[in-house]
Amino acid sequence: MSSSVKKKGFGATVWDYLTTVDHKKIAVMYLLGGTLFFVIAGLEAVLMRIQLMYPENDFVSAGTFNQLLTMHGTTMLFLAAMPLLFAFMNMIVPLQIGARDVAFPFLNSLGFWLFFLGGLFLHLSFFMGGAPDAGWTSYASLSLYSPGHGVDFYVLGLQVSGAGTLISGINFLVTIINMRAPGMTFMRMPLFTWTTFVTSALILFGFPPLTAGLILLLFDRMFSAKFFDVMYGGNTIIWEHLFWIFGHPEVYILVLPAFGLFSEIIPTFSRKRLFGYSSMVFATILIGFLGFMVWAHHMFTVGLGPTANAIFAVATMAIAVPTGMKVFNWLLTVWGGSIKVTTPMLYALGFIPSFVAGGVTGIMQATAPLDYQLHDSYFIVAHFHYVIVGGIVLGLLGSTHFYWPLFFNRMLNETLGKITFWIFFIGFHMTFFLQHFLGLMGMPRRVFTYMPDQGWDLFNFISTIGAFLMSAGVILLVLNVIITAIKGEPAGNDPWGDTRTLEWAIPQPIPFYNFRQTPLVRGLDPYWIEKQEGNKEGMVYAEPLGDIHMPNNSIVPFVMSLGLFIASFGALYSPLGVADDSRTWAIPVLVIGLVITFGSMIYRSLKDDHGYYVTVAEIEALEEELYGKKGGNK
Amino acid sequence: MAHDTPTVTRTSAQHEYYKQNNKATMQKQVVNFAIMIFLTLVAFSLVGAGFSANLVLPIILLMAGVQVVLQLYSFMHMEEKTAHEIGVVTMFMWTGMFFAFLMILAFVTIIWWNL
Ligand code: HEM
Ligand SMILES: [Cu+2]
């Protein structure tokens, strides 16, 4: 609504972002929030690596190390990688399918605020008696006995932010099913939209088991229920199952969108359509489906028995088939293309071998007998960082360069970008490659220190230097962003010159309603088709210019999330089960928080909000202001 | 900026049509609701009557299954063959149920029976 208003005051801008339901602004908030948590978790990683630089180091204590370890893993996965991917999904998916917004703009904003306040709550634990320290998996046999409130922060924080994730996932499912422009059939959807779709389905099916597990853990810790307590007839293995039924799909929730991003970058800079589009779609769906049948490969050493281990081992190895299909399709897209090695393409080319290395060690771990050797050693740490950093983080960094002009109408500096890539890429392999061997030499994971002269000293030292290099890479990227913000020139649309999909056809800066007229999609890679046919405008339209229906901004999602944030403190300090009555204040806090949340839900249900119309005159005035003279057909 | 509320105008034929439609749906829902209440009553009285657990348990489980399907098809609109993208919705429902079944199977076999 307000993008036509130039130069707003600080307060007005903050209010605008607190209330916005525009998917593009929510994308920017996800980008900022995700980056914040990425930097925090990265710092925790560096602190851990400094501690492990020398044997018997005393840089941090064992207890602090456990907290850093837990917060690093939890933050990276739930509060950095996922929100950053959500940033790209929010920005790109509606534009790619020709929609003016997501299906439920209100829920989109609610999802963001739940994620952010949940993450904030989790991080306040550092200042309120100590962070969770039972690992990101928080196995019940350990977490039940963790003193203090750390694990309670974990449970409540993840519960709140997990609700946000679930809401966003459902939103994307509905958006992709319902909001595609005319002609955008399922089999014409760009691969990033496809992977977002499958990822959202995984969120839909994967997060409820986590929610259930967290509730049980909450009851065990706060009300002395005995679901997981073996001493009272509970079963601690149930937590492990519930966690991994969620946990394995979670890794695909993260990596599939990264696959999607690379599937956009690679054809663009190979200047060739994606090889084997339909097999890519099929592989994506198959990976998503198989992702739910393999969770027990994290539990081979628990003692499930040979039959169960064999079934889960074979099922896990089966996933290599669709994943391999994808890798070959990327290679065949590059093969014979007219390749342009830009920064995003460099990241893509670096991703393929790195991810394959992580996949191969994954198959090794899927071999149950071998896993008895590898389990809980640094080999595992090396494996998952190869897929996570080599797959997801390279994808995020590459797409940051690729999509920056779409977000901000500016190009990041290419030379600096390439330097960043090399520093980060070398640092990444330096950190994690040698950890495979540390694992094979017997170094266990999740230890805060080790004895000298076991042959581990040098490799650990090199590994830490690699972590410094990676940090330098991230700092360079931040510098690049700052320089671009200060000096950048408007990039215009299609700044890369070879883009193929609808999002690049929109004039820059993108008006808040995205498309003045809903586009008509005439095939896969619609923008490419129009360019080939010499259509200067980049799209054809499915409707005449008319009034545009848009949703109203609302502060309610923020208030609703704030209520849960407040209620979480009440729940955390609940006086139940505490001997003295010094904590009775927690009850009103809990009640007030819940009243705020449910009150705003009731308000939202009772007050009809039908949105508003942007008239043709307003559209034309805005476009004249944004792009000068009028253009386009009517 | 304009904040008018969009209003939907219908012809009287349309109005009649929707009214008829709503009435039919309403009837169907009330009937289904009655069936569901009845099944619930049966379940409670089976337990109350003190039959052997070996009889009561399977019957209750069976009726629970019926309830789920009734719920899905009558209240969650899965019976509407012509509804927008109903195929996708149905596919999602059954996939979800398949995953849930798989979980239960795994729990029963490898946690509790310890095969
Ligand atoms: C970029 C540089 C990174 C460095 C230097 C780094 C370093 C580390 C270290 C030292 C550990 C502890 C290993 C152990 O003792 O078992 C660890 C664990 C972990 N990291 Fe990273 N990491 C990085 C990036 C990431 C990213 C991007 C993610 C996810 C998106 C991630 C997810 C995890 C997880 C899940 C754990 C396991 C935590 C646990 O055992 O509870 N890491 N990392
Ligand atoms: Cu797994």
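Placement of Cβ uses the backbone N, Cα and C atoms for every residue, glycine included.
Annotated features in TrEMBL:
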- A:9-522: domain 'Cytochrome oxidase subunit I profile' (DOMAIN)
- A:68-89: transmembrane segment (TRANSMEM)
- A:151-179: transmembrane segment (TRANSMEM)
- A:191-219: transmembrane segment (TRANSMEM)
- A:241-262: transmembrane segment (TRANSMEM)
- A:274-296: transmembrane segment (TRANSMEM)
- A:308-332: transmembrane segment (TRANSMEM)
- A:344-364: transmembrane segment (TRANSMEM)
- A:384-407: transmembrane segment (TRANSMEM)
- A:419-438: transmembrane segment (TRANSMEM)
- A:458-483: transmembrane segment (TRANSMEM)
- A:555-573: transmembrane segment (TRANSMEM)
- A:585-603: transmembrane segment (TRANSMEM)
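Mean predicted confidence for the domain 'Cytochrome oxidase subunit I profile' (A:9-522): the pLDDT average there is 93. Tertiary proximity for the transmembrane segment (A:419-438) is limited to same-chain residues at least six positions away from its ends with a CB under 8 Å from its CB atoms, namely 49, 343, 346-347, 350, 354, 361, 377-379, 381-383, 385-386, 389-390, 393-394, 397, 456, 459-460, 462-474, 476-477, 480.
Cβ atoms under 8 Å from those of the transmembrane segment (A:344-364) belong to residues 262, 265-266, 268-269, 316-317, 320, 323, 327, 330-331, 334, 370, 374, 379, 382-391, 394-395, 397-399, 401-402, 418, 421, 425, 428-429, 436 of the same chain, restricted to positions at least 6 beyond its ends.
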